[in-house]
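For reference, TrEMBL has these:
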TRANSMEM  6-27  transmembrane segment
TRANSMEM  39-60  transmembrane segment
TRANSMEM  66-90  transmembrane segment
TRANSMEM  120-142  transmembrane segment
TRANSMEM  225-242  transmembrane segment
TRANSMEM  249-276  transmembrane segment
TRANSMEM  288-309  transmembrane segment
TRANSMEM  343-361  transmembrane segment
TRANSMEM  373-396  transmembrane segment
């Protein structure tokens, strides 16, 4: 039975996820040759987090695959097909809400750009009709009774279970690399804030953190901005939203895979940290050896394929407009590449030491959760810095669009 289940995951990969990755890489303008496209596809498909969760922990890749098909269709201006693909992703797994705002804002921005009195209004009507029909088809089996519909909604959004319910560990403290679980180490949020207030607080912080990116994408819709917005918005959801699961970081990691050819150094770094953040879950599933092998293989292939240590300048990291705005104010920006490389090596070393300690060293009796908590807090700090980085890239590109065009 288990072999049959795991084989079905592999078949789902072959039918939905892998074709989307390959077609996406061969459609990129930056990967002008088949060799470059093949290298890009290989690095994406070797991402350890998805391999370990799909084929080790067990999860179907269909929602992420459909989301990728949605991105691919939008890159060809097939907006209606892209809308259908994303509706399938969202109705397959409600966590695709992490990507919903970038899809919505990008398509709305395109409609505004075409003009809401002419072609824009027609496109908006077509997209709205496509979404309604797609949802109606998916929900048709449940629409026989209103009580049944409400039951499905309660199952999809079990708000009453609390802020940390999605963590797979019952013993406190929670071991998840988002802001609420990390803060709970110092402040027992669940004890001092009611569940309803927790919900409102997480909604407000999540909304405020992704608002600048969504406004920028609506005002200046572009495919590049759309891909970066997918990363930034999904990361905001992961860090600040209600009832996050450890493997929800995959909803951030897959969009990061889509820009690995543009910022290979930062993308590789993020993807390593995202896999490391799931270490307690992977150890619980007995996946230590696959974790070590896939992490080393991914780092080796990315280093050899993209020469990531040679691409740490401000221009390579898409920070040229930001660095120009700081010229004359920050003297250390000249040594920025060296600092970034040093931080990367320090980060990788820390992840390696903590991985070994978590697997081989028994924790102190008074602190049985020492290693899982260390993994979650360190990963959370990384993710907060990455959130700042991606927002800087997006917002400075928006504010300095003319300068960025000249630089490009």
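Just so you know, glycine gets a Cβ as well, placed from its N, Cα and C.
Whatever TrEMBL says is automated annotation, not expert-curated.
By the Cβ criterion (distance under 8 Å, sequence gap of 6 or more), the transmembrane segment (120-142) is counted as touching the transmembrane segment (66-90), at least 3 such pairs being found. No contact links the transmembrane segment (66-90) to the transmembrane segment (343-361), because fewer than 3 Cβ pairs that are 6 or more residues apart lie under 8 A. Against the transmembrane segment (6-27), stretch 249-276 has more CB pairs under 8 A than any other of 225-242, 249-276, 288-309, 343-361, 373-396.
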